[in-house]
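Colleague: In case it's useful when we look at the structure, here is the feature table from Swiss-Prot:
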COMPBIAS  25-88  compositional bias 'Low complexity'
LIPID     18  S-diacylglycerol cysteine
LIPID     18  N-palmitoyl cysteine
REPEAT    28-32  repeat '2'
REPEAT    33-37  repeat '3'
REPEAT    43-47  repeat '5'
REPEAT    53-57  repeat '7'
REPEAT    58-62  repeat '8'
REPEAT    73-77  repeat '11'
REPEAT    78-82  repeat '12'
């Protein structure tokens, strides 16, 4: 259940980011007016789900890079210490 809530949140963020909220409402309105487009509604949702899945790794990438940047920051003073001793 947590995964579905997380996926729904990502989907809503993706739709809000690309302005697709208005586009997502149009197929829903068509589906309610006739019975045939109801079969098309899941197909229309698939690209949005793929977009959310594509954005998930991009959102995780900065978090993965942050520890590497922190590690470089902590290693820099240690690397400077031998250089300072060599200069003496």
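Glycine too: its Cβ is placed from the backbone N, Cα and C atoms.
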Colleague: I'd like the number of other C-beta atoms within 10 A of the C-beta of the residue listed as 'S-diacylglycerol cysteine', please.
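Modeller: Here the count is 12.
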Colleague: Give, as a single whole number between 0 and 100, the mean pLDDT over the repeat '11' (73-77).
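Modeller: Summarising the repeat '11' (73-77) by its mean pLDDT gives 53.
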